[in-house]
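Here the structure is laid out as structure tokens; the discussion comes afterwards.
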Amino acid sequence: MGGEGEAVNIPLLTELPDAPETHIKRTGTVWTAVAHIITAVIGSGVLSLAWSIAQLGWVAGPMAMVFFAAVTMFQSHLLADCYRSPDPEHGHIRNHSYMEAVKLNLGKKSWWACGIFQQLNLYGIGIAYTITSASSIRAILKSNCYHREGHNAPCSYGENYEMLLFGAVQMVFSQIPDFHEMAWLSILAEVMSFAYSSIGFGLGLTKVIENGRIKGGVGGIPMSSPTQKFWLVSQALGDIAFAYPFSLVLLEIEDTLKSPPPENQTMKIASKISILTTTFFYLCCGCFGYAAFGNDTPGNLLTGFGFYEPYWLVDFANACVVLHLVGGYQVFSQPVFALVDRWSAEKFPGSGFVNKFYTIQLPFLPPCRLSLLRLCYRTIYVASTTGIAMLFPYFNQVLGVLGAWNFWPMGIYFPVEMYLVQRKMRAWTKKWVGLQIFRIVCLFISIFAFVGSIEGLITEKLS
């Protein structure tokens, strides 16, 4: 590719299915895929799981988490087979993104519907990560204040400044061209996610030992009315659904893998490792968080100030959250950026604003190639997610809405439909009926979680 100021013929990368093969060197392995997946999966969702289990109780809470993990494992295997067509292992057509796979297998109408769901959800995740990062930065400030002034001190900080700071950092990192050049950021984010998940688990376990008993009950936190309990249970399911979101970027991750072995085999192994690992951490953080605080379980395990000491460890855990979400934001934003890059390059092949690239070198970072389009569009994108996060800074409610919005269409409907088309499965066979039942059950769960989370968001805003 060209050097500084040189025009590059980007359309060659997207006009034909096999064009990218001569331009992109795929070097990804099981472990780089695991790093990308864990960066995508263990995000802000893990911090809400103790609250979710507290709403559902000791029986339904862990069962719901295992259910969503099993569903994620199943749909990730279906989706991994959609990377190559017509054969999942030897097909000559690569589907470089979720939307390409939908268009090839299901047609243009489904492609448009998928595009709306995917882009809105990816955009929403950027908003959620901005909210969470600001909460963690604020928690660091409050933790230090409580340590200096005492636990009853009026330590109050706004979140707007912290959101603006996170947005400024993302404006820089959003200039990373694509997934192929951000493996280092995913690995850093993966290390951070393990760090704060382990600290949350450890603090919860320590609190349980300190209490000398396991708090909580079979039915979860009691409420003043069945209606209130109904809405909180639905929000809890939405929060758990948000904790398993990586179907949105699975094919983009698979597109980084080298072959042989076949990419779908590598991706299935990576998915198993990642989902089992994250589910273990989720159960540890969620269950020990609920066991430690019972009916007083905070909405965000690390920022709700169930833990005051050791303050430096709480600070470090929240710093790890922020560093992880810097990488997580990019994992979910890159598909949006790639879509705009491809579309603009095809529509305006002779435009220097779109296709003239420059190489810049930032301190401590690899050289980065950018165009004026990338600089302007990606900066506006980050600014808009930051602005909306400032308008709706409600952690649990936003996560519930996004989790429910994404769960059925992107995690269930489209993967099942593509699997049926690719395998040419006849209607009313046992496997076909089983998949339809699976799809309908998941639809009802998704509607229940979405309606409850919207109710919670509106109630929180009006209050």
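Residue numbering: from 1, along the chain as shown.
Even glycines carry a Cβ here, placed using N, Cα and C.
Taken from TrEMBL, the feature domain 'Amino acid transporter transmembrane' applies to 26-458.
Annotation comment: TrEMBL describes 30-50 (among others) as transmembrane segment.
Taken from TrEMBL, the feature transmembrane segment covers 56-74 (among others).
Per TrEMBL, transmembrane segment is recorded for 183-205 (among others). Using a Cβ-Cβ cut-off under 8 Å and counting only residues 6 or more beyond its ends in the same chain, the transmembrane segment (183-205) has close neighbours at 28, 32, 34-36, 38-39, 42-43, 46-47, 50, 173, 176, 256, 281, 284-285, 288-289, 291-292, 301-302, 307, 313-314, 316-318, 320-321, 323-328, 330-331, 366.
Residues or ranges marked as transmembrane segment in TrEMBL: 273-293 (among others).
If you look up TrEMBL, you'll see 313-332 (among others) marked as transmembrane segment. With a cut-off of 8 Å between Cβ atoms, the residues of this chain six or more beyond the transmembrane segment (313-332) that come close are 36, 39-40, 42-44, 47, 122, 125-126, 129-130, 132-133, 136-137, 139-140, 143-144, 166, 169-170, 173-174, 176, 182, 185-186, 188-190, 192-193, 195-196, 199-200, 203, 245, 248-249, 302-303, 307.
Outside the transmembrane segment (375-392) by six or more residues, the chain places 123, 126-128, 130-131, 134, 159-160, 163-164, 166-167, 170-171, 174-175, 333, 336-337, 340, 398, 457, 461 with a CB less than 8 A from a CB of the stretch. Summarising the annotation, TrEMBL assigns transmembrane segment to 375-392 (among others).
Per TrEMBL, transmembrane segment is recorded for 398-416 (among others). Note on the transmembrane segment (398-416): residues 44-45, 48, 71-72, 75, 78-79, 82, 98, 102, 106, 110, 113-114, 117-118, 120-121, 124-125, 127-128, 131, 234-245, 247-248, 392, 435, 438-439, 442-443, 445-447, 449-450, 452-454, 456-457 of its chain, located 6 or more positions outside it, place their CB under 8 angstroms from a CB of the stretch.
Residues annotated as transmembrane segment in TrEMBL: 437-458 (among others). Proximity of distant same-chain residues to the transmembrane segment (437-458), defined by a Cβ-Cβ separation under 8 Å and at least 6 residues beyond the stretch ends, is recorded for 71, 230-235, 237-238, 241, 392, 394, 396-398, 400-401, 403-405, 407-408, 411-413, 416.
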_So if I exclude everything within five residues of the ends of the transmembrane segment (30-50), which remaining residues of that chain have a CB under 8 angstroms from its CBs? That is, six or more out._
65, 125, 128-129, 131-132, 179, 183, 186-187, 189-190, 193-194, 197, 200, 204, 239-240, 242-246, 248-250, 253-254, 256-257, 266-267, 269-271, 273-275, 277-278, 281-282, 285-290, 293, 297-303, 321, 324-325, 327-328, 331-332, 395-396, 399, 403
